[in-house]
Amino acid sequence: MTNYAIILAAGKGTRMTSDLPKVLHKVSGLTMLEHVFRSVKAISPEKAVTVIGHKSEKVRAVLADQSAFVHQTEQLGTGHAVMMAETQLEGLEGHTLVIAGDTPLITGESLKSLIDFHVNHKNVATILTATAQDPFGYGRIVRNKDGEVIKIVEQKDANEYEQQLKEINTGTYVFDNKRLFEALKCITTNNAQGEYYLTDVVAIFRANKEKVGAYILRDFNESLGVNDRVALATAETVMRQRITQKHMVNGVTFQNPETVYIESDVEIAPDVLIEGNVTLKGRTHIGSGTVLTNGTYIVDSEIGQGSIITNSMIESSVLAAGVTVGPYAHLRPGTTLDREVHIGNFVEVKGSHIGEKTKAGHLTYIGNAQVGSSVNVGAGTITVNYDGQNKYETVIGDHAFIGSNSTLIAPLEVGDNALTAAGSTISKTVPADSIVIGRSRQVTKEGYAKRLAHHPSRSK
């Protein structure tokens, strides 16, 4: 059995009120087109053809070499859009899935079941349908007394009886490939919209006494087509619920799943605890036994097993096992933390590698640095890495002790086991096993305070 796919992605999406093509709006971190294409791959199409139009280069860039593309210059209806794919699929034997690129909730399992139903029933066309509590706006499935599909009627063309029908057309179909393009040559624009309706091929097949069937979705949510921001928000809500439920089934605990945002490509190992208001985005991986507390935000990062992240932001970073971060820490892109590193409150790390068991407990900036293992970085330490034009590196050896309020002016190297005195400004190399003091000597002038305006004696 050879399968093909046509994805309709040419529309502008006027009701989205956006410069972005409709299919490129995102749901849980992926464009709607990407969601649809991932589901389409479940039927293993020998060729996928995407019909593009509005801002076509942006749409093409999303799928790149995963799909062939055809251009629909004028949007003259769904039938016209499918006609554009004939140059890619003409004369081929097999079954062709036609699906809209704005249906992000459709699953690969449903599409595979649709194809199997189509093949097993030897249909020339199979419509993916759903039962709607409120069918207004959808095309209706009209059956005869024997339950056979006889036609699909659009909302604007439906009579009073047809408008009461609850079974709706989802806009997804499977056709015999050759018969599809033969039938498309017979459709017209004689309808309320003045467009080429793809649905008209059903009546053509019926007139030729060819078999047309309908496969009913079990979950109506999968049929959602996104035409405006309201529907986009609905799709986001449904997708978010799916994602959290998947992770819960796989052993992840959510204290308040309704408040958590997790994107589609995030991976979470079993026995992770996630509190409320946590955001996980991009290609993030969370290791087993990790705890993510309220307010944590992580994007494109790897968190090692058994770590604790407390109300902190982590971007494009790699953390080994047993790391503790936060509260209120910020790990910026290019940060690597080895095992059992502690990054405390109000610490920012950027573009740096920090060795195992090193601690930076509070109020510190570490940028463009290589920090060894078992280093203590005192409160208020700053690596001065930028001179207004260039960035420079700071290197700190193993077991070094950086005193509180140290200012390390890069480029700089602090050797193994070295110690910087609190309040020091260091601009030259510190050899291993050395103590460096880079501050002014304290001068005490007894009784001088009485001469100053703030002294109580001055107010008398």
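Glycine is treated like the rest: Cβ placed from N, Cα and C.
Noted in Swiss-Prot for the protein shown:
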- 1-229: region 'Pyrophosphorylase' (REGION)
- 8-11, LYS22, GLN72, 77-78, GLY139, GLU154, ASN169, ASN227, ARG332, LYS350, TYR365, ASN376: UDP-N-acetyl-alpha-D-glucosamine binding site (BINDING)
- ASP102, ASN227: Mg(2+) binding site (BINDING)
- 230-250: region 'Linker' (REGION)
- 251-460: region 'N-acetyltransferase' (REGION)
- HIS362: active site, proton acceptor (ACT_SITE)
- ALA379, ASN385, TYR386, SER404, ALA422, ARG439: acetyl-CoA binding site (BINDING)
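If you draw a 10 Å sphere around the CB of the residue listed as 'active site, proton acceptor', it holds 18 other CB atoms from the protein chains shown.
Every protein chain considered, the tally of other Cβ atoms within 10 Å of the Cβ of ASP102 (Mg(2+) binding site) stands at 26.
Each residue contributes its Cα atom, and for ASP102 (Mg(2+) binding site) and LEU8 (UDP-N-acetyl-alpha-D-glucosamine binding site) those atoms are 8 Å apart. Rounded to a whole number, the C-alpha distance linking ALA422 (acetyl-CoA binding site) with ASN169 (UDP-N-acetyl-alpha-D-glucosamine binding site) is 73 angstrom. Mapped onto three states, the DSSP output places ASN169 (UDP-N-acetyl-alpha-D-glucosamine binding site) in strand. Shown for the region 'Linker' (230-250): DSSP residue counts in helix, strand and coil, namely 20 helix, 0 strand, 1 coil. You'll find the Cα of TYR365 (UDP-N-acetyl-alpha-D-glucosamine binding site) roughly 12 Å from the Cα of TYR386 (acetyl-CoA binding site). Residue density at ALA379 (acetyl-CoA binding site): 18 other Cβ atoms are found within 10 A of its Cβ, drawing on all protein chains shown.
Annotation: no binding-site residues among LEU8, ALA10, GLY77, GLY139, ASN227 have CA atoms within 10 angstroms of the CA of ALA379 (acetyl-CoA binding site). Following the DSSP three-state reduction, the secondary structure of LYS22 (UDP-N-acetyl-alpha-D-glucosamine binding site) is helix. Checking each of the binding-site residues (LYS22, GLY77, ASN169, SER404, ARG439) against ASN227 (Mg(2+) binding site), the C-alpha distance stays within 10 Å for LYS22. The secondary structure of ALA379 (acetyl-CoA binding site), as reduced to three states from DSSP, is coil rather than helix or strand.
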